[in-house]
Each structure stands twice: as structure tokens, then as C-alpha cells.
Amino acid sequence: GIPCGESCVWIPCITSAIGCSCKSKVCYRN
């Protein structure tokens, strides 16, 4: 539930490397 400061509209979350995932076009962590 914490925004990772990255969007995932066009590309996947690069921040997935630290546990972020795409939700509603924005990368979140927990």
C-alpha cells in the first residue's frame, strides 16, 4: 500500500526488485 514513486502505465515496475507491484497504474509496496 506504500507508493513507490513509479507508474506502470507503459512499462512494468522496475521497483519490483524491492517488492513493489503494479496496482491501478501505480507501483505500490504493501
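In case you wondered, yes, glycine gets a Cβ from its N, Cα and C as well.
The cysteine that Swiss-Prot pairs with CYS4 in a disulfide, picked from CYS13, CYS20, is CYS20.
The CA atom of CYS8 (disulfide bond) is located 11 Å away from the CA atom of CYS20 (disulfide bond). Cβ neighbour count for CYS27 (disulfide bond) (all protein chains, 10 Å cutoff from its Cβ): 21. Geometry remark: CYS13 (disulfide bond) versus CYS22 (disulfide bond), CA distance 6 Å. Sequence-distant neighbours of CYS4 (disulfide bond) (same chain, six or more apart, CB under 8 Å from its CB) are CYS13, THR15, ILE18, CYS20, VAL26, CYS27, TYR28, ARG29, listed in sequence order.
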